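Notes to accompany the following structure.
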Amino acid sequence: MQDTLLWSRILTSLTLGFHIIFATIGVGVPVMIMIAEWLGIRRNDPHYMLLARRWSRGFTVTVAVGVVTGTCIGLQLSLLWPSFMQIAGQVIALPLFMETFAFFFEAIFLGIYLYTWDRFKNRWLHWAFIIPVVIGSSASAFFITTVNAFMNAPQGFTLENGVITHIEPLKAMFNPATPTKVSHVLSSAFMTSAAILAAVTAWLILRGRRTEYYKKALRLTVLWTFVFGVGTALIGDLSGKYLAEYQPEKLAAAEWHFETKEHADLLVGGVLDEKNQQVKGALPLPGMLSFLAHSDFNAKVTGLNEFPKDVWPPLFVHYLFDLMVGVGVYAVAISLLFLVIRIWNKSQEWNSWLLRLIVLGGPLSVIGIELGWMFAEIGRQPWILRGYMRTSQGVTTSSDVGAMLILFALLYLVLGVVCIYVLLRMTKKNPPEAEMQKRGITL
Amino acid sequence: MSIELLGITILWLFLLGYVIVASIDFGAGFFALYGKWTGTGEIVNQVIQRYLSPVWEVTNVFLIFFVVGIVGFFPDTAYYYGTALLVPASIALVLLAIRGSFYAFDHYGKTNTVFLFLYGFTGLLIPASLATVLTISIGGFVEKQGNNVVLLMGKLFASPYSWSVVFLALVSVLFISASFLTYYANRAQDKQAEELLRTWAVFWSFPTIFASFLVFLSLRNHNLEFFNNMLDVSWLFILSFAFFLCAVSLLIRKKSYGLAFIFVMLQFASAFFGYGIGHMPYLLYPYVTIYSGVNNPIMAEALVWAFVGGLCLLVPSLYLLMRLFLFNAGYVQGRK
Ligand code: HDD
Ligand code: HEM
Ligand code: HEM
C-alpha cells in the first residue's frame, strides 16, 4: 500500500515533469512566433519571416510530444488517483472540460497556420491565424492551472460526512490561488520559451554563424527574455503574498521560518539542523521575508510552529524555492547585461562569454520551471486537496503501479531522445543559409 | 430528457466522432505502411499524407474530450474504471503516445521507415485495445473485491465475445478508412490510388458486416439484458444494414464516393446508437449507472453550458479547416 503511494507519486511527477517541458514550449513559443512574424510583415523584413517559419516548424515536433504526454497525464489522473478524481471531479470538472475545447481550438488553427504560408495575398491574414493558437494554448494553461490552484486553495463546495454538496463550479475555479498561479505559470512559460530560443541562437553564433539573420534573432529573443523575466519575478513576488495569506505553512517551510515574528529575514541557502530548528551558513536578507509576504519590511510572518507537525511540508523545499528564484535572477541579469552592452559598447555584442552565458540560460530556465513545480507540489504535501484530502487517501488500490512506472519511464526516454534527434536533423538537413538561398533572401 | 441522459448522449456523440475520425487516421497509417511494403507506396501515400497532415492533432482531442467529459459528468466512473484499468489503459496510452509522436517525427522531421512502421502498426493495436474497454463495460469482467476493483484478465482473454469485438474494431477501421480515402483520392483526381483504395474498401466491407453479426450474437450469451434492450431497437440495426448495402453498392458500381462515405458513417452511427441504447442506464454493469454518478446536477448543468459555448467556437473553426483543406479542390489536388 505504502509502495503504491510512492510509485504513484513518482509516476505522476515523472509524467508531469516531462509534459511540462513541452507544455511550456507549447504556451510560449507561439507568442514568439507571433512577435517575429509581426515584425517581419511590419518592417517587410524576410529575416523575421524566416525566423517565424523555422520556429513554427520545430514547434510542430514539440507539440506532438506535448499532446501525447498530455494525453498520458489526463488519463493517469484517473488511473492513479481514482478516489481523488471521484471527489474533485464533482467540483472542478468544469475547467478540465473547458481545457479540451481550448486544445481543440488551438489544434485546428495550428493546422491552418502551418499549411497556409504563402497561400494568402494579404500577409496579415496568415499572421492572424497564429492569434487563435496563442489564445488557445494560453487558455489551456489557464484552465489546467485553475485545477491545480483548486488543489491548493479548495473552495466552492461543502463536505459533510464524505458527501459533497453546495457546489459552485465558478467559485471553485476562481479560488484565491488562481490569479497569481495562472499569471506566474504563463509569464514563466513565456520567459522560458524566449530563453530557449535565445540559447539556440547564441549556440549557433558561437559555432560560427554570424550573419544578420542570427543577430536579429538574438536581439529579439534576449529582449523578450528580459521583459518576461521581469514580469515573472514581479508576479512571483505576488505569489509569495498569496502564500502568506492562504498557505502560510508552505511559505514558512520554504524559508525555514519556525517562530512567528516581525521583520522576518529571507534566508538564502544554508543547512538546517532540524532538531534545534537552527540554520547554519545561510545568507540572511533582513526584513525581506516580511516584504515578500506582506509588502512591508516590518510585517509579522506566521511561522511553522503554529501548525501541527503532521501537516508540515518536507523542509527541503527551501532549496527548490531558492534555486527557482536564482534562475529568475540569472535570466534577468544576463539579458539585461546583453541589452546594456548592446547599447553602450556594440563591439562586445558577440562576446563569446556573454554568448555562453545566454546558452546556459536556456536549460536553466527549464530547470527553473521544474523546480517551481516541485516546490509548489511538494510544498502542498501531505495534502492532495489542502485541508480536505490527504495524498494517501486519493491513491489507487492497484498493485501494478511499479511496473507501469518502468513502462512510462522507458516511453519518455524514447520520446525525449528521438525528439531531440529529429530536431537536430531538421536544422542540419535544412540550415537557415540554404533556406535563405532558396527563397532569395540576402544573408 | 434528463440531464444525465443529455450528458451521456453528448459524450456518446463525441465517441462516435472519435471512432470515425480516428479510424480514418489509423487506417490511413496502416495503408501507408502496407503500400510501402508492397511497393504501391507512392500512389497511396501522396493522398494519405495530404489528408493526414493538417488534421491529425484534432483526432486525439476527441478522445481526451470523451475521457474528461465522462469523469466530469459521472465521477464514479473515474473510481471504477480508473482502478480496474490501470494496466490495460497504460498500455493503450503508450501505444497512443508512440503513434502520435512518431507520426509527427516522420512527417515534420525526418522520413524514416522505422518511424513509419511504428505509427502504421500501432494504429491497428490502439483500436483493438480501446474496444476492449467497451467489452469490459458490459459487465462480468470487473469485480469489486472489498475495497478494491479488479479486472479479471484471464476471463477477458478467454472470452469469445471479447475477441469478436477486437476483430470488429480492426476491420471497421480498415473499412471506414478505405472508403473515406477512396472518396479523397477521387477528389484529388488520382485514378490509380482511387482504384486501389476502392478495392480495399470493398474487400473490407464483408468482414465488417460479418464481425458485427458475430458481436451481436455473442452478446446474447454474455448479457441477456443488453441483448434484449437492443432487440427493442432492432430497427436501428436494420437501418444500419440498409446503409451498409447502399454504401457497398455505390462502391462496387464506382459511383458517388462521397455519398458512399456518408452511408458508411450513417451505418456506424445507427449501430453505435443502437448499442448505446441497449447499454442504458449502465456505464459499468452492474456497478455504475448514469444516475449513480451524478449526485450534483449543478456541475452537470455547468458542463452542458460549457459544451454549448465550446461548440459555438468550434463548429465555425472546423468548418474553416475543412474549407481550407479537406474540401478545397486546389489543395486536395496538390496545387496548393
Ligand atoms: C523559470 C521559471 C520560474 C522563475 C524564474 C520563477 N518562478 Fe516561481 N514558479 C514557477 C516558475 C518560475 C512555476 C513553475 O510556474 C510555479 C510552480 C507552480 C506555480 O504556480 O508556478 C512557481 C511557483 C512559485 C511560488 C509558489 C506558488 C504556489 O505554490 O502557489 C512562489 C511563491 C514563487 N514561484 C515565487 C517566485 C519568485 C519570488 C521568483 C523570483 C524571481 C520566481 N518565483 C521565479
Ligand atoms: C490538474 C492539475 C494537477 C493535478 C490534479 C495534480 C495532481 C498531483 C498529484 C496527485 C500528485 C501526487 C502527490 C504528490 O506526490 O505530491 C502531484 C505531484 C506532483 N505534481 Fe501535480 N497536479 C496538477 C498540476 C500539476 C502541474 C501542472 C504540474 C507541473 C508540471 C505538476 C507537478 C507535479 C510534481 C512535480 C509533483 C511531484 C511532487 C512530489 O513528488 O511530491 N502538477 N500532482
Ligand atoms: C501548467 C501546466 C500545464 C500547461 C501549461 C499545459 C499546457 C499544455 C499544452 C500547451 C499542450 C499541447 C496542446 C496542443 O498543443 O494541442 C498540452 C497538452 C495536454 N495537456 Fe497539458 N499543460 C499543463 C499541465 C497539464 C496537466 C496537469 C494536465 C492533466 C490534467 C494536462 C493535460 C493535457 C492533455 C490531456 C493534453 C493533450 C491535449 C491534446 O490531445 O491535444 N496538462 N498541455
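Backbone N, Cα and C atoms are what each Cβ position is placed from, and that goes for glycine too.
Pulled from TrEMBL:
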- A:16-39: transmembrane segment (TRANSMEM)
- A:59-81: transmembrane segment (TRANSMEM)
- A:87-115: transmembrane segment (TRANSMEM)
- A:127-151: transmembrane segment (TRANSMEM)
- A:185-206: transmembrane segment (TRANSMEM)
- A:218-236: transmembrane segment (TRANSMEM)
- A:316-341: transmembrane segment (TRANSMEM)
- A:353-376: transmembrane segment (TRANSMEM)
- A:401-424: transmembrane segment (TRANSMEM)
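With a cut-off of 8 Å on Cβ pairs spaced 6 or more residues apart, the transmembrane segment (A:16-39) and the transmembrane segment (A:353-376) reach 3 or more such pairs and are scored as touching. Contact between the transmembrane segment (A:59-81) and the transmembrane segment (A:401-424) is present: at least three CB pairs lie under 8 Å, with pairs separated by 6 or more positions in sequence. Long-range neighbours of the transmembrane segment (A:401-424) within the same chain, counting only residues 6 or more positions beyond its ends whose Cβ lies under 8 Å from a Cβ of the stretch, are 3-4, 7-8, 10-11, 14-15, 18, 58, 61-62, 65, 68-69, 72, 80. Through the fold, the transmembrane segment (A:218-236) approaches residues 32, 35-36, 39, 48, 51, 180, 183-184, 187-188, 190-191, 194-195, 197-198, 201-202, 205, 325, 328-329, 331-332, 335-336, 338-339, 342, 358, 361 of its own chain, all at least 6 residues removed from its boundaries and within a Cβ separation under 8 Å.
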